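Note sheet for the following structure.
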């Protein structure tokens, strides 16, 4: 005689093959008996609602991230190639074996950070490689109204591709106005060195003006032109104080009013934009390595740039932009500048560290030399750039056009 099949709870199974029990309505008995067998399926309407709400928040967050200027696809692919992608980057579609080079590049050049040299190189390269170099007739307006942002983004976005747009302008969020976010590049330098170069350039110009007996700012009063740099700093003149000293960070923070206020908010936002929207931010003190990396990242724009840069004729032209009549501030004045520019230095050192990490990934060594007797920001940099001056309109591209026509 066969034993009855025992129920896991100890009793005999009163129904074969899961048939309903007794007179219970069809399906009800089955439901009551099966739920204990599958405890992991138990959930309440509250649990269900919680899960759906969580999913909705995640989807909305993802959408807002993309609409607020998430990284361009090219930068995400590049992160994966370099081995420094984030969790979210890695869970997208894998990059192709050959990276599609971007056809929209913006160089929102920081004043007095080598941009004259780079623009001269770009003019030569655009003829050589056939890309569209887009410049602007406005050289002294970095902060834009909302309407001005929309108009500029529209003009840039409708340019013939591949294009490289260059202008002294604070970071623009194309995605905010419905445009495709381009890839950004830029170069910065030691903040005190940049400030000193600008201070004396506004007053005395460079070697081009010196040779042609040109006065850089004819409307400047003589007492202002010959104002001692130490007096300007120690007596807290506006030109040597904040917010005027808070100069580099806004180029990366953006157009928000708080980006012009020295503080942690602008600093952190600038770092975030560097990570998400800039293909490369180099430092002027290592310009050759900057050009080498640009040639590797953007060969259809920068192929052969290092050879052109090292050409004696080009270097001769570039050296004409060196600022003249620089003097060295006192150690006391320098320490005050350091204190006033602490956010600028925190950003500079962050960018420098990221740049060196990138160099190591490409097998480039960062040569650390012994510290000079004087601080390094007093050592003249061979190639300077022109600064957009707020109080005087100018055409800082004309000299490039004249040189290029020779």
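Keep in mind that glycine also has a Cβ here, set from the backbone N, Cα and C atoms.
It should be emphasised that the depicted structure is a prediction, and the values quoted were computed from it without experimental measurement.
Pulled from Swiss-Prot:
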type: TOPO_DOM; residues: 71-406; note: topological domain 'Lumenal'
type: CARBOHYD; residues: 84; note: N-linked glycosylation site
type: CARBOHYD; residues: 140; note: N-linked glycosylation site
type: CARBOHYD; residues: 155; note: N-linked glycosylation site
type: ACT_SITE; residues: 168; note: active site
type: CARBOHYD; residues: 173; note: N-linked glycosylation site
type: CARBOHYD; residues: 319; note: N-linked glycosylation site
type: REGION; residues: 387-406; note: region 'Disordered'
type: COMPBIAS; residues: 387-399; note: compositional bias 'Acidic residues'
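Remark: of the glycosylation sites 140, 155, 173, the most isolated position is 155 (fewest other Cβ atoms within 10 Å of its Cβ).
Residue 155 (N-linked glycosylation site) sits 14 Å from residue 173 (N-linked glycosylation site), counting Cα to Cα. The Cβ neighbour count for the residue listed as 'active site', using a 10 Å radius and every protein chain shown, is 21. Mean pLDDT for the topological domain 'Lumenal' (71-406) in this predicted model: 82. When the alpha carbons of residue 140 (N-linked glycosylation site) and residue 168 (active site) are compared, the span between them is 7 angstrom.
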